[in-house]
Amino acid sequence: MGIISLKRHKMATLIFVTTLVGLIVCPSAYGSVGRFSDEFEPTFGGHRVRVSGRSNQLLSLSLDKYSGSGFRSKQEYLYGRVDMQVKLVGGNSAGTVTTLYLTSDQSTGTHDEIDFEFLGNVTGQPYTLHTNVFSRGKGNREQQFHLWFDPTENFHTYSFVWNPKLIMFLVDETPIRVFRNYENHGVAFPKNQPMRICSSLWNADDWATQGGLVKTDWAKAPFTAYFRNFNIDACVGPIRGRSSCVTGPTTFTHSERPAYKKPSRGSWRTHDLDGNGRNRMRWVQKHFMVYDYCKDWKRFSQGFPPECKH
């Protein structure tokens, strides 16, 4: 074998080995068809957690006067992107709360959490979309929105993007909120604790609707919310005690594609607002935001949290 051929052979071998290692370290299942039962497990509610549809690609949670229900991912993730299509409880949903959130082990007392909470309302009145971020056990970073559509009529896509720079909340690919990493200003940022994907439907009529003034009408029970088309493009971690992570499973379910263009695998690593995203977020916050903790002078009369200044 000549010198040039030998070099080519070594280069081809190196490329093959590198590719193989990449496949082992970062297995890619992006776009594959999966089932809720493969990636998630019930947390409470028994028969109220129901997986159905073709290939178990539709999940429903129900609430009655005896119990709510919930599920969580079998894996924990450290950074990534999560999309879930949700159709909320229709009709008179006052007192009910449907959640979609990421959370670390809460027993540590310094848990991290990223929240979507959908607060039900009486028939004809809008849901309130409640968002919050906990870092190292500190929360109280609420922003609330009304939506520009009826979230009970059809499925809509709710997404988290979490990378070392920011946490972004999106609705049908429209950014509604960004929480940036301001550790250099003394603001803790979730970065060390892996989180599970969780969801629940439960009764919170002591506070959820008009501050608890409107109670749950149990004559309308059971209340049901539906979930489909989950997409996970994230790092599984920590692995064997290491703080680093590898790309985890990404699963796209249901034959009907969502209304948004699926982002390329791994794009969450550098995801940030572009010009269009900034304009869309300004539009949402101008017309649909109903509460911002960074503008609550009564609550923070002694001074706003440091991230509000930036």
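A Cβ is built for glycine as well, from the same backbone N, Cα and C atoms used for every other residue.
Model, not experiment: these values are computed from the prediction.
Taken verbatim from TrEMBL:
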DOMAIN    19-227  domain 'GH16'
ACT_SITE  Glu113  active site, nucleophile
ACT_SITE  Glu117  active site, proton donor
CARBOHYD  Asn121  N-linked glycosylation site
(request) Could you please provide the mean pLDDT value for the domain 'GH16' (19-227)? (result) 92
(message) I'm trying to understand the geometry here, so how far is the Cα atom of the residue listed as 'active site, nucleophile' from the Cα atom of the residue listed as 'N-linked glycosylation site', in Å to the nearest whole number?
(response) 25
(message) Please give me the CB contact count at 10 A for the residue listed as 'N-linked glycosylation site', counting all chains in the structure.
(response) 20
(message) Please give me the CB contact count at 10 A for Glu117 (active site, proton donor), counting all chains in the structure.
(response) 19
(message) Just to be sure I understand the packing, how many Cβ atoms besides its own are within 10 Å of the Cβ of Glu113 (active site, nucleophile)?
(response) 19
